[in-house]
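The structure appears right after this line, and notes come after that.
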Amino acid sequence: MGKAENYELYSVELGPGPGGDMAAKMSKKKKAGGGGGKRKEKLENMKKEMEINDHQLSVAELEQKYQTSATKGLSASLAAELLLRDGPNALRPPRGTPEYVKFARQLAGGLQCLMWVAAAICLIAFAIQASEGDLTTDDNLYLAIALIAVVVVTGCFGYYQEFKSTNIIASFKNLVPQQATVIRDGDKFQINADQLVVGDLVEMKGGDRVPADIRILAAQGCKVDNSSLTGESEPQTRSPECTHESPLETRNIAFFSTMCLEGTVQGLVVNTGDRTIIGRIASLASGVENEKTPIAIEIEHFVDIIAGLAILFGATFFIVAMCIGYTFLRAMVFFMAIVVAYVPEGLLATVTVCLSLTAKRLASKNCVVKNLEAVETLGSTSVICSDKTGTLTQNRMTVSHLWFDNHIHTADTTEDQSGQTFDQSSETWRALCRVLTLCNRAAFKSGQDAVPVPKRIVIGDASETALLKFSELTLGNAMGYRDRFPKVCEIPFNSTNKFQLSIHTLEDPRDPRHLLVMKGAPERVLERCSSILIKGQELPLDEQWREAFQTAYLSLGGLGERVLGFCQLYLNEKDYPPGYAFDVEAMNFPSSGLCFAGLVSMIDPPRATVPDAVLKCRTAGIRVIMVTGDHPITAKAIAASVGIISEGSETVEDIAARLRVPVDQVNRKDARACVINGMQLKDMDPSELVEALRTHPEMVFARTSPQQKLVIVESCQRLGAIVAVTGDGVNDSPALKKADIGVAMGIAGSDAAKNAADMILLDDNFASIVTGVEQGRLIFDNLKKSIAYTLTKNIPELTPYLIYITVSVPLPLGCITILFIELCTDIFPSVSLAYEKAESDIMHLRPRNPKRDRLVNEPLAAYSYFQIGAIQSFAGFTDYFTAMAQEGWFPLLCVGLRAQWEDHHLQDLQDSYGQEWTFGQRLYQQYTCYTVFFISIEVCQIADVLIRKTRRLSAFQQGFFRNKILVIAIVFQVCIGCFLCYCPGMPNIFNFMPIRFQWWLVPLPYGILIFVYDEIRKLGVRCCPGSWWDQELYY
């Protein structure tokens, strides 16, 4: 992007104000990958609320400012100069990250770095031992190759996941129109939209995309769709008048990339390319760097623990080796062997596969995860900042209430009309239905007779679409009904009159009268009426009926609904005979003295599943905050209807109204709910915003700009929350990128929102987030179990080296054997724990505290290493010494035997019975010991995976066979063990030997001990919550 500080950028707010530099004052949270100070400063500057006044200037002032003409446009020569100065009217993409850098990042995560270090150590050890002719030389080489292979394979998988998502800026390019109609030197012609410059005079019509930020000079019946930019679900009227000090609120500015729905417009280009609102959002979205995910932080924390312990143990035994007489090189080999033995080689694959399985499970429930780590992040979420339009609501206007015969009725918009609350034979209803059907320009797209009415495609704006569908549901065949009342003339809706009028002939050929019907802003329609239709009778519109109208109007408006008024007038055949030439310019027909028929209110209704989803979030301790660009009254009404503002909760304004006191006399802390609009947010300093978020549990932000959404997310993060942001519009993309996890809508979502997000809801259903939260929490619990299972065997893999060094026994366990444990036999049970059901209703627990509830905590490490791991070590050594003794090598003889055992030249070493062993025989016996120790670990690990099914409940309560994948994994583990032991050729390939059956039985008592020991631990945890036992032994 160019130098943004040289451009005149703007947002909802005007002027610096007390909070104008809010974003710049706020301290930045540390981001993944960091960034230069200048880049951060530039991003902060972009987030400031900046000022323009083009919408407030007169036409003459605009002509002077941009050296243009409001009738002839720019001169061709000046346009060429401006294009050369400002560049094309296009979004300039940021410098992309090279693909090799993306791939390198996948190879350089926390666990990956640890494994690279381990592989390097193995290669160094290989080089040292090769120079000494050591028999374990090849083992270290194989181990290094295996470690590198694991890192590369998992890195390729991660890179593939990232490769599937596209660059954010590319999605904004999809919004750029290709052609624009421009007037230069008085000539009208079409050019590529990227050739537009400031000061160009352009024309648009319904169906065109706005080619730049336009100051409107003339408009007729123009409406634009700003929903993807501001979040407003209603089509917005555009006219030449300045109606608001804010450029996003005024009617005389149309924004780059929004859609012109109907009417015609002529205007001046005031901003192009990166200087437009959409350009600024693109800069914000691409400038915001991703936060580290909680799972990435947890893995870093875990790597720190593992690396620290590995170095501690390695250094300790390096010193011991030096003290007992080993050479420096030999002691260094021991140090490296211990460090490598401490690295859980299979953990990286386990975490990747577990997250992938959960992502696949979520995909089957309409949640597509772009970033694997986002799976767990959603489970950690404590705050959801949700957009309203299209996320909480259906993004389609629907008739909600009707007022006629002095009663408010709830509209039934279902196909069977079984819930209709009024008499459809009422004469007043028939008249109202006739008016709303005839005074309507919307039409169904042809060929949809078999499609349910709510799902039919309609050509027309949102309000008229809602009225047409309601008419179709209540009348049936609304289009045919219109045909029976042919339209004679029409005045389209415009912002000056605020009404739409049409005149029709009657369906009865014997009745020569005309019917005039009108709809529009209720107060404007009512002022043109002199009578009101009540129970089919026209009554004078006296003060009593005006008060009844006002009461109903305020009641419907207070629900956040859009209200329209309807009226009619029969034109007598004497003054307006058949064939009369109605003239809309001369208005040769009456437009007052009409008969008021009723009111119809519409709203973009909440999705049916949202209230239950919000309630589940509340139960799970997750706070749902609405952040929308829509009107505060509408936002509050929707928030109340879906449960974001709970029943009985009051805002400061509600309390003031109830107590009949001014708002400033109410203690704000007494209000549980709070609705803040964009202008108020602009005047708040950072501490006030944080205090508001802390004080009011139920928050709604309305009329917010994309910059403000970003600031709201940062403020929540500053309070220590893990923030999820949902949205579907272009305006949501910066906040989606900034959030700990961004969730975009798959159907209604813009490409920009989808590319900025970490997760996409294919069904656009907010309720799917609850499923994601549940799966995220479950995978955290199950990852904890998988890691505990994976770490336990580190001790029985490590202790053979410790005994080998300190007691000088023949090596009980080889590197290749460890590799088979880590990457072959144990990987399947470890992954199978990802399929374990939740122990309790995890959606009734509060979100985990990232600082306190760690993936790997002290109780988990202590229990896995020093309790279960110690038992497994005893099992391994028991089996090892049993196998050695049965072959003639009693335990006491084994002590101090290492040097002689490994002597290549000694071919007559005697055992406890006096039998002589050659080096080759001793080597095969060592392979037998490797296999015996391997089998001991595997038998104990079967017990270990069974106890890891639960952390608190008894395994009997959870059930042994509910997780069928785990049962299959155990069977597979045993089969692999048998294959490695008894397959011919294994001694020469992987150092495995056939072993006696009784050596399989030696570790069984230890497996039973592990199971019983853990059941006692769980019983204590359940019986003594909060006790020392619970705190130290519950992980």
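Keep in mind that glycine also has a Cβ here, set from the backbone N, Cα and C atoms.
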Shared topological domain relative to the membrane, ASP54 and PHE328, Swiss-Prot: no
Contact between the transmembrane segment (332-349) and the transmembrane segment (99-119) (3 or more Cβ pairs under 8 Å, separation 6+): yes
Per Cβ pairs under 8 Å, the stretch of 99-119, 300-319, 784-803, 855-877 packing most closely against the transmembrane segment (814-834): 784-803
Beyond the flanks of the transmembrane segment (855-877) by 6 or more, those residues with Cβ under 8 Å of it: 295, 298-299, 301-302, 305, 780, 783-784, 787-788, 791-796, 799-800, 803, 812-813, 933, 936-937, 939-941, 944, 947, 1002-1003, 1006-1007, 1009-1010, 1013-1014, 1017, 1031-1035
Integer Å distance between the CA atoms belonging to ASP728 (Mg(2+) binding site) and GLU822 (K(+) binding site): 43
Cβ contacts under 8 Å made by the transmembrane segment (300-319) with residues that lie 6+ beyond its boundaries: 110-111, 113-114, 331-332, 334-336, 338-339, 342-344, 787, 798, 801-802, 805-806, 854-856, 861
Same-chain residue ranges lying at least 6 outside the transmembrane segment (99-119) that approach it to Cβ under 8 Å: 143-144, 147-148, 150-152, 154-156, 158-159, 162-163, 296, 299-300, 302-303, 306-307, 339-340, 343, 345, 347-348, 351
Contact check, the transmembrane segment (964-982) vs the transmembrane segment (930-949), 3+ Cβ pairs under 8 Å, seq sep 6+: yes
Cα proximity to VAL340 (K(+) binding site), best match among recorded positions THR389, SER601, ASP732, SER840, SER954: SER954
The topological domain 'Cytoplasmic' (950-963), counted residue by residue under DSSP: helix, strand, coil: 4 helix, 0 strand, 10 coil
